[in-house]
Protein chains: 2
Amino acid sequence: MEKSSTLTQAAKEHYMKLALAQAQKAQAIGEVPIGAIVVLDGEVIGSGYNLREHDQDATAHAEMFAIRQACQNIESWRLEQSQLFVTLEPCPMCSGAMQLARVEEVYFGAYDPKGGAAGSLMTILTDERFNHWSYVEGGILATECGQILTDFFRDLRKKQKAAKKARKLALKEADE
Amino acid sequence: MEKSSTLTQAAKEHYMKLALAQAQKAQAIGEVPIGAIVVLDGEVIGSGYNLREHDQDATAHAEMFAIRQACQNIESWRLEQSQLFVTLEPCPMCSGAMQLARVEEVYFGAYDPKGGAAGSLMTILTDERFNHWSYVEGGILATECGQILTDFFRDLRKKQKAAKKARKLALKEADE
C-alpha cells in the first residue's frame, strides 16, 4: 500500500530545523552531529541527539532517544500517526525501531550511502513483509544536514593532524 | 570474509540456557518471553528480557537491554570479541544494534519467519556492505526457545477467550 505525506514542504523544513537544533547539541559536546525529533498532532513529543561517545553506548543514536522519550510522553509504545525527523538517513537499528514503534512518516535530511537503511543500502521502513511500514522521504534540508556533518569531520581531522604534529614535536624535543 | 564460531556446542547450549532463564523472567510478568545475554571471555557482561508492555517502549527488546548493560559494564560501546545469545531470531532493530556494537558472534534459538533479520527476512548481520559483520548461528536449543513462546501465546489465547466469555455472560445477566 502506497503511503503519502500529511505535511506541507514548509512544515517539513520547520521540523527538520528542530532536528538540526538537536544535532547542534551533539556537535557542542564533540559528538557526531545527528539529531532527531518525533512529532504527534503538530507537537514535538520526543527529541534526541547522538551520544555514542559520551554514553559509551552503541545504541545511543538520536532517533532512539527521540522514540523512547515519545513513548514515555504518550505512555504507549505505539507511535501511530507520528512523524519522525532525523538529520541523517537512519541506520538499520533506528529504522527497525521506527518500524516497531509504528511511526507513520519518516523524514530525513542527508543521505547515508554507506550505512543508510531507508533507501540507500536497505529499505526496512517500506518493506511490506513486516507488519508495519511507513511513508519515507529523504533530502529535507539536505544541504544543511550534510554540512554540519562535513564541518564536524573536517574539524576533527584538523584536530587529529594538530595533535599528531604536537606529538612529533614533543618526541623531537625529547630527543634533543 | 567467512567468520567462524569460537564455541563448542556444549558452550552454546549452556549460554542459551542463560538466555532462556531471562525469557522466563519476561514470562513471569506477562511479557512475550524473549531473553538475551552478552558474553565476553566466558563471562556474562549483559542480560535482558522483553519489557515492551511493562515499559510501554517499542525499543524495550531483550537484546537492547543486554547490549546496553554490556557497554556499561566494560565502559565501551565496542563489544568486540563478544558473543550474544538470544532465544528468538533478532528483528531489524536488534540486529542493527549488534552490528553497531560490533558483536562478534550471534547465536539465536527459534527462527522468526515473520520478522527475523538474521536470515529469515533479511541478513543484516552478515551484510558485508556495512563496516562490521558477525558470525551468525540459529537453532540453538530451538525446541525449548520456541516452546516457551508457543506456551505463552496458547495461554494468552485461553485468557482472552475466558475474558470474552465472562464479558458475554455479564452482558446477558445485565439484560435479564
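Just so it is clear, glycine is given a Cβ too, placed from its N, Cα and C backbone atoms.
Note: TrEMBL annotation is automatic and uncurated.
Note that the structure is predicted; figures quoted are calculated from it, not measured.
Record features, source TrEMBL:
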| type | residues | note |
| --- | --- | --- |
| ACT_SITE | B:Glu63 | active site, proton donor |
| BINDING | B:His61, B:Cys91, B:Cys94 | Zn(2+) binding site |
| DOMAIN | B:10-121 | domain 'CMP/dCMP-type deaminase' |
Between the residue listed as 'active site, proton donor' and B:Cys91 (Zn(2+) binding site): CA-CA distance (Å): 10
Collapsed DSSP category at B:Cys91 (Zn(2+) binding site): coil
Cα separation, B:Cys94 (Zn(2+) binding site) to B:Glu63 (active site, proton donor) (Å, whole number): 6
Secondary structure of B:Glu63 (active site, proton donor) (DSSP, helix/strand/coil): helix
Binding-site residues listed as B:Cys91, B:Cys94, least Cβ neighbours within 10 Å: B:Cys91
Other C-beta atoms that fall within 10 angstroms of the C-beta of B:His61 (Zn(2+) binding site): 28
The residue listed as 'active site, proton donor': tally of other CB atoms within 10 A of its CB: 33
